[in-house]
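As recorded in TrEMBL:
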TRANSMEM  A:31-53  transmembrane segment
TRANSMEM  A:65-83  transmembrane segment
TRANSMEM  A:95-113  transmembrane segment
TRANSMEM  A:125-146  transmembrane segment
TRANSMEM  A:158-177  transmembrane segment
TRANSMEM  A:197-215  transmembrane segment
TRANSMEM  A:250-274  transmembrane segment
TRANSMEM  A:286-311  transmembrane segment
TRANSMEM  A:323-342  transmembrane segment
Amino acid sequence: MEESNLSEAVESSAASTSGSSRKKLSMPVRYLINAVLVAVFIVVGELMIGSGTITRYQTTVLEQVGIYILMAVSLNIATGYLGQLPLGHAGFMSVGGYSCALFIMHMQGTLGLTVRDFVTGSPAAVVLFCAGLLFGGVMAAICGLIIGIPALRLKGDYLAIITLGFAEIIRVVMLNIDGVLGFELTGGARGLTGIPSYTNFLNTFLVVVISLFLIHTMMKSRHGRAILAIRDNEIAAEASGVHTTYYKTLAFVVSAFFAGIAGGLYAGCIGVMAPAKFGFMKSIEILVMVVLGGMGSMLGSVLSATVLTILPEALRAFADYRMVVYAVVLIIVMVFRPQGLLGTYDFSLTGTLERVINGELPWRKPKKEVDEND
Amino acid sequence: MRFEKISRRSFVRLMGVTAAGMGSSVVVTACGGSSGGSSDTIKIGVMGPYSGDVAQYGLPCRYGAELYFEQINSQGGIGGKQVELNEQDEKGDATEAVNVYNKLVEDGVVAILGDITSTPTIAVAQASVADNMPMVTPVATAADVVNQGGNNVFRACFTDPYQGKLMADFAAERGLKTVGIIYNVGGDYEVGVTEAFKDEAAKKGISITSEQAYQAGDADFNSQITSILSTSPDAIFCPNYYQDTGKIITQARKQGFSGSFIGTDGWTAISNPEGQSYASGQDLQNCYYCAAFSANDEDEKVQQFVSDYKAKFNETPTSFCAMGYDAAMVLAEGIKAALDSGVSDLASDDGRQAIIDGIKNGTVDGVSGQISYPKNGDPAKSTLIIGFEPDGTEKVEESVPYQE
């Protein structure tokens, strides 16, 4: 991993020295291109759903794809970028889900909103939706902070075990808090029911896109570079003046925050929260997505979350054998691509565009040689 | 562009991308593969966990339902139309259950038989309200299934609170004045039943001498039993699943307790003289539980069902099979009533409402007793009190009619 980063760095420095004649896209243009593409994706999606080309079943699956993309990308911050192995991501998801659902259910009554308002998207409902998600995210982030400070003193297996334990604590608290404290909040083993369905394709994907953008910009900033430096070599990073404890905790808390937001979306999408669904296996499921996509690659997480969410549904035709096929797909990928689908490679659309503008196409050899041949 | 300059590596990459693209397009089409329905069959969706942790509850229900619809089809179907089942697995997961529900709606089913376990069933019930989709769950006993669902949600089984109340009445009838309780505090079923039992016991003048809780996974209950026995109760109420109950009864008998044990339908399968038993027939003397169905019931239609089931699946049906069979019967009677009322398209809004009305107004003579729906989606049905022969064979002690 260190080597590849080194070679990347060399490449980029070489490109910056030799590429004075190379055409470049300015930052506003880059943002514009990406923003337009995202807008096109969402508008086309909405239109196709509106016209019935994408059916309701597919819409629900797409919403879940969005939720799991956010889960995988947020776990990728801690796993791929920070280089730790937390196994308690489902715990943060459940904290966010419960907080967001309870917040919206209790505020809904005081604001006098009905389920219909969430469908039509009245301003008050939109505000409540955003506030609920933020509340869920912040609660999860607080949990992330509580667990992060002691846990990040440990590394590797030890960290995995302590985070695993913490997620179990969250699950057991959700299960017993009502009975022990004597009030009606989470519904205990019965689960939390009657959550209004406040998510749809549009708001799910808007939240996902905004979250991905925030994570991306954070990783490209000074703070993100510091986190990557800790992954590559913690001692070297500390020697260079990176405040490692601070940045490790920061990455962990940000990871928990976005998991909380994904949990909030999940609660609205399914309408029921039960502690049993957020056990160890859920954390593993998300970790599988990250590992399969390639640790440290955002596009990899997005792709594998998409594939692994759609795959079990697409394989319904195989009936009883579908879980076997699912497992076989996982094994095949891991055998032939042990570094994950994309490794640490991250795709940049505008970067590719630049290369195309400059005529650097994959099947063409570097310019000089082409000239010689011609 | 000169194609001969494409290297082998680029070519392989290109092929890889093409293959991935084709693969994903297959996936997309597979996702959208909805079949056009023909009007001479009635499509019914059957959903439940057929793989995963709770498949042991989902599969028997499905088999029971399959048996019923097979019999109906061989008798000419419902109103001359054959029934076509669309069976979907949801692995006991609420997320998949909602997906399955949406898929079934898209596939054009007229009604749904399912779901099985509580949380997914509540999720589906909530989702089904907007479509007014007729839905009958065979075994989801949690109160919220009907409370959170609309008028379109029915169940074939009785609820947790109903059983608790029933057994408290039974204890009062048998003159058991003092009762100790031992239950799993982490299970929604056990907690729900225990609460209802305590409420009714207070009304009937039964005193609860000791209430002992344990955690799921415990295997040694001696300390709890000792505390209960120190208050020398007439009976012990044990509303837990059969694995735990078997250990509790055996350990209590070892400590010298000779009074009654009373329990609820979680005891099903506690004793099977031909197979695995969780407590011996001797220990099970003076033990009673309530259930909707017993394969040893001498009732004629029950015996007919047992022999039909054995002929098809080569094993004795459990109560889950019977509930699946009865849920199918409830649904079929509702559809029949809807067809009789002259609805042309069952999948339309009117058709769905007609099926719901048909279920609501009908009375079904199922193998688990007579089922009708006087109030909401919770059935009014009779209950069996089951005791044990000295060799461990179950015997029906009495049949208790439905009471408010």
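Positions of Cβ are set from backbone N, Cα and C atoms, glycine also.
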For the transmembrane segment (A:197-215), distant same-chain residues with Cβ under 8 A (at least six beyond the ends): 38, 41-42, 45-46, 49, 59, 62-63, 66-67, 69-70, 73-74, 77, 104, 115, 118-119, 121, 125, 128-129, 132-133, 254, 258, 261, 265, 268-269, 271, 298, 302
Contact check, the transmembrane segment (A:286-311) vs the transmembrane segment (A:95-113), 3+ Cβ pairs under 8 Å, seq sep 6+: no
Contact ranking winner - A:31-53, A:95-113, A:323-342 against the transmembrane segment (A:125-146), Cβ under 8 Å: A:95-113
Remote residues contacting the transmembrane segment (A:95-113) - C-beta distance under 8 A, at least 6 residues beyond either end: 122, 124-125, 128-129, 131-133, 135-137, 139-140, 143, 170, 174, 185-186, 192, 194-196, 198, 259-264, 266-268, 273, 278
Cβ-Cβ under 8 Å with the transmembrane segment (A:323-342): same-chain residues at least 6 beyond its ends: 288, 291-295, 297, 299-300, 303-304, 311-312, 315
Distal contacts, the transmembrane segment (A:250-274) - CB-CB under 8 A, six or more residues away: 60, 63-64, 66-68, 70-71, 73-75, 77-78, 81-82, 84, 86, 89, 92-101, 104, 132-141, 143-145, 147-148, 151-152, 186-187, 189-199, 204, 207, 211, 215, 218, 223, 227
